[in-house]
Every structure is written in C-alpha cells, then in structure tokens.
Amino acid sequence: MFYDDDADLTIIQGRKVGVIGYGSQGHAHSLSLRDSGVQVKVGLKEGSKSRAKVSEQGLDVDTPAAVAKWADVIMLLAPDTAQADIFKNDIEPNLSDGDALFFGHGLNIHFGLIKPPAEVTVAMVAPKGPGHLVRRQFVDGKGVPCLIAVDQDPTGKGEALALSYAKAIGGTRAGVIKTTFKDETETDLFGEQAVLCGGTEELVKAGFDVMVEAGYPPEMAYFEVLHELKLIVDLMYEGGIARMNYSVSDTAEFGGYLSGPRVIDAGTKDRMREILRDIQNGDFVKKLVANVEGGNKQLEQLRKENAEHPIEVVGKRLRDLMSWVDRPITETA
C-alpha cells in the first residue's frame with residue numbers, strides 16, 4: 001500500500017495533463033489535478049454539452065486531438081466503448097516518445113483494443129469510487145483509495161508517475177494499491193456481471209416474480225425485494241456481512257443462514273465460473289465490440305426488455321409516494 005509519503009507530487013506538476021472526457025471521473029480528475037497545481041486541459045469533441053460546464057469551472061477545453069498534441073500525459077476517461085476510436089483518430093497521431101497514456105480502467109489495453117507505441121508509458125490510476133465521491137473527498141482533505149498499474153514502462157519511471165498522479169487526485173491520502181491491468185479488468189467485469197449488476201438485478205426480479213405469482217400484491221413484493229435492499233447493502237458497506245447480520249433481527253439472520261445457500265448453491269458458483277471464463281478468454285469483449293459495431297442494437301433491445309418488466313412499472317408508481325427518494329431524470333422529465 002502506498003501513501004502520501006511514497007509519492008512525489010512534483011512529478012505530475014512538471015507535466016502537462018490532458019483529460020479526455022468530462023463525465024463522473026473526468027470532472028473529478030480535472031478539477032483535483034488543477035487544485036494540486038497541475039497544468040490540465042480537458043478534451044471534448046466539438047458540440048459536446050459538457051464544454052460549457054468545463055469553461056464555467058475554470059478549465060481549458062479543446063478537441064481531444066488538440067489536447068493530446070498539447071499534453072505529455074493523457075488520461076483517457078471516455079466510455080470504454082468509445083476509447084479505441086478516440087485513440088486511433090485523436091490520440092495516436094499526436095503521441096510523442098516519452099508521453100504517457102493513462103486509463104481509469106484496463107479493458108482496452110488488456111484485451112488489445114488499444115495498442116500504444118512502445119515508446120509511450122502506459123499506466124492506470126483507478127479510484128475505487130464514483131467521481132463525485134473522489135472530488136468531495138479531495139475537497140474535504142481526504143481521499144478515495146486508488147489502484148495503479150503500469151503496462152508499458154520505457155523510461156522506468158511509470159510507477160512514480162502513476163503514484164504522483166494518484167496523489168494529485170487525493171488517492172494517496174487513503175491508500176493506493178498496486179495491481180495489473182489484467183487483474184483490475186477481469187475482477188471489475190466479473191463483479192459487475194455476476195454480482196453487482198447482472199446477478200443482483202436477476203435475483204431481485206426473480207424474487208419479485210415468485211411473490212407476485214404466489215398471489216401477493218406487487219407493491220408488497222417491490223418493497224420486500226427491491227426497496228429494502230438498500231438498507232441491507234448500506235449495512236454491508238459500512239461493516240461487512242457480519243455487521244449486517246448483527247443489525248438485522250434474529251429471525252432475518254436465522255432465515256438467511258438457512259435459505260441463502262438454497263438460492264446461491266454450488267450450481268450458481270459453477271455458472272459464475274463460466275462467466276469468469278468468458279471474461280478471461282475474451283468472449284465477453286468480442287460480444288461487446290460486436291454490439292458497438294452493430295450500432296448498439298443488442299444493448300437497446302435488452303434495455304427495452306428490462307424496462308418493460310412489471311417491477312419497473314410498480315416501482316415508478318411507488319417512488320411517486322417517496323418524497324425522500326431522489327428522482328432520476330427519466331422519471332421527472
């Protein structure tokens with residue numbers, strides 16, 4: 001684990017950093033780099049709605065190509081599926097020997113969708129939290145733990161540069177863990193697919209369906225399997241599974257111990273291993289690329305099918321009753 005004393009902020013302060021993208025992570029990186037005394041410009045395509053916001057927040061903005069030409073450290077924080085085209089069209093033609101190309105996620109490098117020149121340092125600085133939290137912690141004098149990795153190191157100074165960058169966005173205040181592009185990418189994708197997004201979503205929908213099919217009101221099913229999930233996850237987030245079990249009733253704890261393994265059994269683990277293999281061998285990324293090349297048609301169809309599930313209809317109606325719940329733009333427009 002690396003902390004403030006292990007990183008030299010002057011290294012990144014002596015470089016020119018171009019941040020490509022101004023989404024959740026892009027705005028947090030750009031503003032915190034600036035506040036740490038780093039020269040920074042933001043790269044956004046002409047016509048981007050975020051350009052006005054960048055200027056309002058006191059940052060310089062230009063096209064990705066112009067920023068790549070100006071910078072000697074380029075942090076690519078555009079969406080995964082857009083990065084290869086941005087690299088090919090805007091970044092690669094403007095790279096020079098000694099430049100560094102940074103990422104917030106390792107997918108495009110690990111699976112060979114982006115292949116930088118050998119003379120360019122390739123590294124990753126990945127905060128383990130959303131951008132708004134990264135920025136808020138930085139402003140409060142704290143930080144969010146980060147992962148760093150170096151894939152190409154022609155100068156032998158890649159790790160020091162990555163640590164310096166991590167320090168500039170507050171990461172070394174909390175702690176920085178050294179990893180590899182392979183491990184970060186594969187664990188991140190597996191967590192998303194098997195547990196956080198895919199697994200949890202299907203578990204919630206299955207529970208809802210079982211209750212409704214058994215004759216219970218959809219509203220009650222929604223509260224029991226979706227709404228109250230936040231209470232449980234918050235307890236786990238704060239103190240792990242043990243904290244959650246300590247905090248719930250004895251009835252809930254006992255029932256969970258008995259019934260949980262009936263839902264998630266050895267067969268579930270076998271299917272999880274299949275998901276992991278599909279990630280490791282590149283099958284998932286091939287499907288992801290095919291979807292993008294096909295105009296996102298498969299993704300749009302899957303979105304449509306999931307949006308039509310009864311739990312979404314019931315949930316929207318119930319959330320109208322909850323003044324304390326922040327409403328997404330799609331429900332307030």
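In case you wondered, yes, glycine gets a Cβ from its N, Cα and C as well.
A quick note: this is a predicted structure, and the numbers were derived from the prediction, not measured.
Residues Tyr22, Gly23, Ser24, Gln25, Lys45, Ser48, Ser50, Asp80, Thr81, Ala82, Gln83 are recorded by Swiss-Prot as NADP(+) binders, and the candidate that the same record lists for that site, out of Gly129, Gly131, Gly141, Gly143, is Gly131. Across the domain 'KARI C-terminal knotted' (180-325), DSSP assigns 122 helix, 0 strand, 24 coil. Of the binding-site residues Ser24, Thr81, Gln83, Ser249, Gln83 has the largest number of other Cβ atoms within 10 Å of its own Cβ. Closest to Asp188 (Mg(2+) 1 binding site) by Cα-Cα distance, out of the recorded positions Thr81, Gln83, His105, Ser249, is His105.
Here Glu228 (Mg(2+) 2 binding site) is positioned 35 angstrom away from Ser50 (NADP(+) binding site), judged by their C-alpha atoms. Tyr22 (NADP(+) binding site): 27 other CB atoms within 10 A of its CB, across all protein chains. Across Tyr22, Gly23, Ser24, Gln25, Lys45, Ser48, Ser50, Asp80, Thr81, Ala82, Gln83, Gly131, which the record gives as binding NADP(+), the greatest C-alpha separation is 21 Å.
Among the listed binding-site residues, namely Asp188, Glu192, Glu224, Glu228, the Cβ with the most fellow Cβ atoms inside 10 Å is that of Asp188.
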